[in-house]
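Enquirer: Here's a structure for you.
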Amino acid sequence: MSPEGKKLLNIIILGFGFMFMFTAFQTCGNIEQTVIKSFNSTEFHGSGYTSMAIIYGVFSASNLIAPSVVAVIGPQLSMFFSGLLYSLYIAMFIYPYTWSFYTASVLVGIAAAVLWTAQGNVLTINSTDSTIGRNSGIFWALLQFSLFFGNLYIYCAWHGHVHITDQDRRTVFISLTVISLVGCFLFFLLRKPDSESSSSAEATEPLLHVQLSPRTDPMPAAPSGLELTFYSGVYGTCIGAMMSFGQDAKSLIGISGICIGVGEILGGSVFGILNKRIGFGRNPIVLLGFITHIIAFYLIFLNIASDAPLAPEEGTDLEAFITPSVGVALFCSFLLGLGDSCFNTQLLSIIGFMFHDNSAPAFAVFKFIQSIMAALAFYYSNYLLLHWQLLILVLVGFLGTITFFKVEHMANSIRRQSDYDSI
């Protein structure tokens, strides 16, 4: 196999490993608040939103040590051991206790920092300036297939269920634990890229060697953290709480996740893989993502009751400004996924482009900002009505989009200077 083919195979294996792991974890995050509300045990007093706030809070702090861990044990083992902790968190729901729930949340926060720093490192060392956009798109599209498969399983397993029984819960989480472990072991198929091929590629196609600096504003990562919280936990809970959607409202959580996944896969495929061929660049794609999210947030504001994120297991019988529509709710799910993929494929691309020789710290800073915002969002999701959460998403999304334009302008200036110096 050619050196370039080996690198591409590594990206595909990386994508499949994350697809299996996050088929389990993202599905878990999407349903856990609904599952917790249905526990028959009075001894469990945990909150899914609080758990996610802990995960992303610890995640942000652990990014300070994650690059060192990846440097010492290597990205492959870093991802494997992190994946085991993800599997432990999912397995906890088979026989849940409050103490084990929150302990596992802390461990997953540490694991997440190491996992995503290692992922960024593997993505970068298997890419060049000309392939980073393509590889980011391939990875993102494969990763987001996790939303499709996991939520399809939830829909089939819970279709017609008004209440989630203990047996329903155990069956689902045993299956998700096994799926997560399969993803962990796939990382052992990764092969180290040929150093000679890397050298020759750099000789024929110079890559930018820049350091982290105050000019590299981390603000573009902020919207992705808030959006991650909203689509991966809050919005599914809102749909499941709408009594006007009928007895199938719980199973609609799975269909919503599938629609998000379709949007993510479409965005990753079109804007990640094809953007270099069709010459769009990054700014128009990020702008499209922001506009897509504005449309989704407005429709959600009109369609979903404001108290839906805080409703009890029985749900809410309140309505918003229009007669609640399942079709509109699922269309918004698709728009959330499409907009999120627009942001994230371009963020991965620009970080890998600007920090090719120092990728682990750069991806750690990106995940540090993203996870702080996600932790904050999961925390306020326990208290804020839906319309206030949507307003925060709009304001931070606008600021993040403007800041991305500034960073992209700086990247283009560096590229032009590099081209000038090479003459």
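Placement of Cβ uses the backbone N, Cα and C atoms for every residue, glycine included.
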Enquirer: Under TrEMBL, which of the candidate ranges 46-65, 66-85 is annotated transmembrane segment?
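Expert: Going through 46-65, 66-85 one by one, TrEMBL flags 46-65 as transmembrane segment.
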Enquirer: Considering only the recorded stretches 46-65, 138-160, 318-339, 386-407, state which has the highest number of Cβ pairs under 8 Å to the transmembrane segment (101-118).
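Expert: Per the Cβ count, the answer is 46-65.
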Enquirer: Give the nonlocal contacts of the transmembrane segment (360-380) in its own chain as ranges (CB under 8 Å, at least six residues past its ends).
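Expert: Hits for the transmembrane segment (360-380): 49-50, 52-57, 59-60, 63-64, 66-67, 70-71, 109, 112-113, 116-121, 124, 212, 218-219, 221-226, 228-230, 233-234, 347, 351, 354, 389, 392, 396.
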Enquirer: Do at least three C-beta pairs under 8 angstroms join the transmembrane segment (138-160) to the transmembrane segment (386-407), pairs 6 or more apart in sequence?
Expert: no
Enquirer: Could you check if the transmembrane segment (172-190) is in contact with the transmembrane segment (7-26), meaning 3+ Cβ pairs under 8 Å among residue pairs at least 6 apart in sequence?
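Expert: When sequence-distant Cβ pairs are counted, the transmembrane segment (7-26) touches the transmembrane segment (172-190), since at least 3 lie under 8 Å.
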